[in-house]
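Asker: Below you will find the structure I want to go over with you.
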Amino acid sequence: MAATSAQHIGLQGHGTSRNDRDRRLVRYWLYAVFAVLIAIVMVGGATRMTGSGLSITEWKPIHGVIPPLNHAEWVEEFEKYQQIPQYQQINKGMSLAEFQYIFWWEWAHRLLARFVGFLVAVPLGFFWLTGRLKGGLKYRMLGLLALGGLQGAIGWWMVASGLSELTSVSQYRLAIHLTTACVIITAVFYIARGLVTYSERPAERSIQRFAGWIVFAVLVQIYLGGLVAGLHAGLTYNTWPLIDGAIIPSDLFTQAPWWRNLFENPKTVQFVHRMFAYTVLLLAILHAVQVWKNAPGTTHARRTIVLVGLVFIQAMIGIATLLMSAPLHLGLTHQFFALVVLAFAVAHWRATKGAYAA
């Protein structure tokens, strides 16, 4: 029976105390990875909002760790930036000091991305070799490591879209890059929360499924937010609750074929992001009603109230960001709170299932 339980959780231990200690170590490691991933996404958001994402025009996974160290190297790096359309059409005349400002944002974003790879790979090797990981958990972590490598490639694929013709990166690639980061965050936190001890029994299967769908809905909304960011769609329709005096504006489908508007028309993209925000809030409320009806007074039920509150707060931040035409501080706050909502939704989903078997 004990061997079966150990296989289910994917952790190897000699006795309960060793098993508990191993679970705790792995969980803390995953929390550290989670925190750095949040930092990467936030620095990435600042990089985007300050127009810094194209300041480094080459992808050097190893050598790129070292920034320019003297004036000549800075001039050389600046000259590379001066060859791309963003400089020639938007930032022409930028000083070296101004270039250094945007360079450091992109460099920090890339450095953190490299660091998280190290933070995953080295402890993973240690836990693996010392027998603290077994079975499914090993391969889940290898999958996360591979997904992280893919995310790095997606990041460069995104940057490359803005180096030849466009003056900014493709909104398609930006949204994919952001969403993939959030999928990784979801997976890391989900596994970590499966290693805690819960005092309450798992919820019924229908509640678990609904909780999972809410996580999916939040990820979809984050993808839509990536499209909004890539198209600077937050600078259109800066009114609420009506949209320039209408419930449904008349200029949502001005491009042909019609479906292109959903991805390329800033006004349509913002409209869809708005409407889906209401959908996420409605789903959270319906889920709370479901859980309070089927498991009243439980921790599961109380968590749904917190979830509704977080989604509501995020909606209010989004409205404020919209009304103020997306200033840097509010844009970053909106992005950070999206991650808060995602993390809590993931924690709730995992808790409805209970911990992995000991």
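Each residue, glycine too, has its Cβ placed from N, Cα and C.
Not my notes, these are from Swiss-Prot:
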TRANSMEM  25-45  transmembrane segment
TRANSMEM  111-131  transmembrane segment
TRANSMEM  141-161  transmembrane segment
TRANSMEM  176-196  transmembrane segment
TRANSMEM  210-230  transmembrane segment
TRANSMEM  269-289  transmembrane segment
BINDING   His273, His334  heme binding site
TRANSMEM  304-324  transmembrane segment
TRANSMEM  326-346  transmembrane segment
Asker: List, by number or range, the same-chain residues at least 6 past the transmembrane segment (176-196) whose CB is under 8 A from its CB atoms?
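Answerer: That would be 9, 11, 23-24, 26-27, 30-31, 33-34, 37-38, 40-41, 44, 137, 140-141, 144, 147-148, 150-151, 154-155, 158, 215, 219, 222-223, 225-226, 229, 339, 342-343, 346-347, 349-351, 353, 355-356.
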Asker: Sequence-remote contacts (6 or more beyond its ends) of the transmembrane segment (111-131), Cβ cut-off under 8 Å?
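Answerer: Same-chain contacts beyond the ends: 12, 22, 25-26, 29, 32-33, 36-37, 39-40, 43, 61, 65, 138, 141-142, 144-145, 148-149, 151-152, 155.
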Asker: Would you count the other C-beta atoms found within 10 angstroms of the C-beta of His334 (heme binding site) for me?
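Answerer: Other Cβ atoms within 10 Å of His334 (heme binding site): 23.
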Asker: Across all chains shown, how many C-beta atoms besides its own are within 10 angstroms of the C-beta of His273 (heme binding site)?
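Answerer: Around His273 (heme binding site), other Cβ atoms within 10 Å: 21.
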Asker: So if I exclude everything within five residues of the ends of the transmembrane segment (304-324), which remaining residues of that chain have a CB under 8 angstroms from its CBs? That is, six or more out.
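Answerer: Result: 214, 234, 237-240, 270, 277-278, 280-281, 284-285, 287-288, 291-292, 330-331, 333-334, 337-338, 340-341, 344-345, 348.
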